[in-house]
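Here is the structure we will look at, set down as structure tokens.
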Amino acid sequence: MSRVTLSRYLIEQTRSHNTPADLRFLIEVVARACKEISHAVSKGALGGVLGSMGTENVQGEVQKKLDVMSNEILLEANEWAGNLAGMASEEMDHPYQIPGRYPKGAYLLVFDPLDGSSNIDVNVSVGTIFSVLRCPNEYLNQNDTLREEAFLQPGTTQVAAGYAIYGPQTMLMLTLGNGVKGFTLDRELGSFVLTHDNISVPESTAEFAINMSNQRHWEAPVKRYVEELLAGKEGPLGKNYNMRWIASMVADVHRILTRGGVFMYPRDAREPEKPGKLRLMYEANPMSFIIEQAGGAATNGTQRILDIKPENLHQRVAVFLGSKQEVERITGYHKE
């Protein structure tokens with residue numbers, strides 16, 4: 001039986017689900033950029049790409065060389081293709097304007113070019129997260145500068161989302177709003193090949209992912225929930241749980257997507273003015289879309305993440321996502 005490449009899958013989606021051709025082309029361009037990033041990541045010290053740039057991004061985080069390189073790869077791959085009205089990235093303060101010499105399209109691309117990059121130097125899996133939105137009609141004027149407001153849409157408006165994970169294999173996880181598919185990069189063929197069909201997150205779990213070193217800074221509902229997990233079979237939940245924490249959202253969520261579990265990045269009392277650590281537009285929204293499409297759930301503790309109306313491009317949010325039963329339990333604790 002012939003293998004299904006990403007290109008073939010997208011063509012079949014156009015035929016069976018009326019996926020627009022320009023969206024198909026956009027996903028293929030993003031996938032090609034991810035292959036290039038994967039190649040750069042795999043070289044490590046041999047490619048001279050480890051270490052920091054000595055600069056900070058808009059969040060005040062030190063930029064790694066690969067952060068900047070990955071950002072440039074995604075911008076250059078997508079700016080000329082004619083599918084996008086604009087782009088936004090974790091590494092840029094403001095939206096990226098499509099150069100006037102290129103045609104513009106109907107979509108917006110938002111991305112974290114290299115999630116988990118603080119782990120690069122220690123050879124831990126990292127990845128690229130992306131979200132695709134439709135550009136509102138009022139912002140489609142070819143001559144106008146695209147404003148940030150065009151991007152400020154709730155996650156429910158996403159038309160596609162995905163992430164590439166650069167680990168022992170390079171994989172692309174993708175949703176077009178009708179389930180989640182997983183593609184593995186065949187390095188000899190040079191193509192992403194469908195290897196995981198109709199991915200589903202188990203409703204209950206025996207694993208959780210959270211940075212326990214911050215426990216003293218959590219809100220009471222999170223402390224209560226984690227204490228119940230740690231109580232094991234003798235506790236109120238009646239079973240033993242294992243904890244996993246990689247400190248790379250892509251890697252942690254990928255494990256939960258394929259094995260089940262709950263990922264938590266709660267608010268922190270050390271920064272009470274911030275509603276969370278992770279960014280809504282290009283981390284929480286695409287991951288929540290993927291998790292929900294796989295049968296899981298995602299909230300900020302009190303509200304479904306995909307229902308949140310963004311107020312700014314780099315807005316932060318608390319995140320609880322994964323197996324539906326566990327996410328509903330901790331969300332219930334927040335509402336008590």
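Every residue gets a Cβ built from N, Cα and C, even glycine.
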Matching residue for the Mg(2+) 2 site, where Swiss-Prot names Asp112, Asp115 - out of Glu271, Glu273, Glu283: Glu283
Of the candidates Glu90, Glu91, the one that Swiss-Prot places in the Mg(2+) 1 site of Asp112, Leu114: Glu90
Recorded substrate site member, picked from Asn178, Asn198, Asn211, that accompanies Asp115, Gly116, Ser117, Ser118, Lys277 in Swiss-Prot: Asn211
Residue among binding-site residues Ser118, Asn211, Lys277, Glu283 with Cα closest to the Cα of Asp112 (Mg(2+) 1 binding site): Glu283
For the Mg(2+) 2 site built from Asp112, Asp115, Glu283, further residues of that chain with CB within 8 A of the site's CB center: Glu90, Phe111, Gly116, Gly127, Thr128, Ile129, Tyr163, Met249, Val250, Leu278, Arg279, Tyr282
Per-residue Cβ crowding (10 Å cut-off), top of binding-site residues Ser117, Ser118, Asn211: Ser117
Greatest C-beta neighbour count within 10 angstroms, which of the binding-site residues Asp115, Lys277: Asp115
Other CB atoms within 10 A, centred on Asp112 (Mg(2+) 1 binding site): 29
Shell of the Mg(2+) 1 site beyond Glu90, Asp112, Leu114, same chain only (C-beta within 8 angstroms of their C-beta centre): Asp67, Ser70, Asn71, Ser89, Glu91, Phe111, Pro113, Asp115, Ser117, Thr128, Ile129, Tyr282, Glu283
